[in-house]
C-alpha cells in the first residue's frame, strides 16, 4: 500500500520515538560513577543523577500529549515522598512533568525550524519539607527534524542570456534552492536539481544547479527566447522527497552570423534633370537578419559611369544606402548612369567567416528625364564698360542665351527694371544688344548692376537670368574746389611772410593717374598788397601775409579769390574765395577779438554789463505783460451779461415805440422778452445761467428801465408798476408795466 505524505511522516515519528525510548537509556536517571556531589556543611557524597539529552519529534499531530522522557532520583523510594518540578524554556507552557512519577510530556506541536532545542532545569523536592533532596540539574530537549520543508528558490524567477551559436556545455546561469530542514540530520536538506521544461536545448547540473546549453548552433534568427522550468528536490531526489520549482527565461543574444544580402540584383530609378545638387535619388537596403552593431552597414560605389555625379551614404537609423546627386544633371549631355554598389558589414566576426562573404553587390541604373529648362546665358556674369560721356543709344555690349532643351526655342531678352529703376539702359529683345537710354554720370553711380531676363518664345514662363556689371568710365567734367569752406584769421600785429592758412582742393572726377591741382590768385587779386599765395606742388597751397600789420578800424574782413586748375584734358578750373578776418591777438598769436564794432562801445561799459542790462529790461517787460493779461482775463459777474442784454433790448424797444404805454415780461431761466400790445421782441442773453431769484429780477429790470430812460431817448416821465406771477408752464415771471408822460 502506498503511503501518503502525512502517513509517512507519522511512520517516521513512530520509528524515532522507538529509538529514543530504547536506545538512549529510556531517558531515565542513572547514578553517576564519575563525578561526586559536594554539599557545603555536610560529608561529601556522590552525585545521585546525571542528565542526558531528550529527543522529541517535531510536527507531532496526535491528540494526546507527546511523551518526552522520565526523570527519576535514587532518593525516590516510590513511597510518594519525593516530588519533581520543572523550570526553564517552555516549562509549563510547552513541557509539563508529573510531579509524582517524573514523566515529561509536550503539550504543543513543535517546529524545529522555529526553535531547534529547549534548555530546562529539573529538581527533586521533599514533599513534606519542600526542600531539595538533590541539587538542581540542567538538561536539553532537542527537537528531532523531519522532512517538512520543500526546497525554495529565493532568487527566482531567473533571466539569463547566452550568445547564439554557442557550443554545447556553454554555461548560462546558476540557480540555487535552499531547504529549511536540518542539513546535519538525514537527507531532508540535501537537494538535487533537474530540468522539467527546456529540453533538449538546455540541461542543468544536478548538484550545482548550473544551467548549460545542450544543443549546438542554436540560431537567434530562428528562435530567440526559451522558457525553462527547473526543479529542486530534497532527500537526494528520492521518492517521498519534497520539491520546489522556478522558471528561467533564456534569451539568445545576437552574433554576426548573417551576411548582408540585397533583395534584388538590380534597381532602376528615373530622375528629372532639374533636380538640384544634394537631392536624394534613391534609397536601397541590403537585408541583414542580425541586429544592433552586427547589422551596421557601409555602402560604396565601386564601379560605373556615375562615380563623380552621384555619391552614396548610410542612414545610421535604418541602415539604408542613400544615393544623392553630386553634380548637376543634364539630359542633353547624358541620359542615363549605371552604378555598381557594394554593401558590407562594418563588424565581422571571424568565427563565422565560413558563413560569408559578409558583403554583397547590386546594380543601380539611373535614367535622367528631360525637363523644359529656362534659357541659359553663355556667361554667369558679364562685365561691360562705357564712358560717362556716351550719348543716348550708344552700344555698350551684348549678352547671349540659348534654350538648353532639344527644341532649342528662340529667346527674347528684357531688363529687370527692379535693377534699373532710373531706366539708364535698353536691350534689344532679339539680339541682346545693351545700349544707353539716358546720360550717365560716374560721380552719381560708378557701377550699374543689372539683371537681364531671357524668355523662351514658345514658353514665356521659362525665364533665365543673366547678370551684367556696367562700369562707367570717368571724363573730366568736374572742376576742382576747396576741400572745405575755409575761413581764417590774421592778427593785427602780423609780420610779412607769415603763414595764415594752408588750403587743399578736391575733384569729383577720378583720373587714371590721380589728381594734380594748380593754385594761384586771380588776376584782379594778384597785385594786392595784403596777401600772397604759394603753390606747394602737392595739391596744397599756402596763404601768407604780404605787409606789416593790419587794423580792424580800417578793414575787418578780407576776401581773397583763389584760382584752382586741374590736370584733366581738357582742364577745368574754378575760383574759390578765402575769408580772412582781422583779429586782436595775444602774445602767443591766438585771436582774442575779431569784432570791429567793439571799438565804438563806451569806455566804461563792457559786453557783460550790456547783456545784464538787456536781461533786466526784458524781465520787466514780461512782468508788465503778465499783469495786463491777468487783469484782462479777470471774469466779470454773470449778471452783467444779462443786464447788458436786457438793457440793450429795452433801449432798442423804447427807441422803436417812441410814445405810448408798454409792458415788459421777464421769465426766469429763459431769455427775456418785451411785449407791447401783443407785439414781442425776443431778447438774447449771452450767458445760459438763469436769474438767481424773482426779487433779483425785479430789481434788475427796474434798474434797466431807469437806466434806459436816462439815455437821451427823449421819452419823458415814466411810471412803472411791477407784478410777480407764474405762467402756464410753471415758470416765475416778472411783469413791469410802465406809462410814459410826454415832456412838459
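Heads up, residue numbers simply count up from 1 along the chain you see.
Note: Cβ is positioned from N, Cα and C throughout, glycine not excepted.
The transmembrane segment annotation in TrEMBL falls on one of the ranges 599-628, 629-658, 659-688, 689-718, namely 599-628. Note on the domain 'Cadherin' (263-377): mean pLDDT across this stretch is 92.
Per-class residue totals from DSSP over the domain 'Cadherin' (378-482), listed helix then strand then coil: 3 helix, 48 strand, 54 coil. Mapped onto DSSP helix, strand and coil, the domain 'Cadherin' (154-262) counts 3 helix, 45 strand, 61 coil. When the domain 'Cadherin' (263-377) is classified with DSSP, helix, strand and coil residues number 10 helix, 54 strand, 51 coil.
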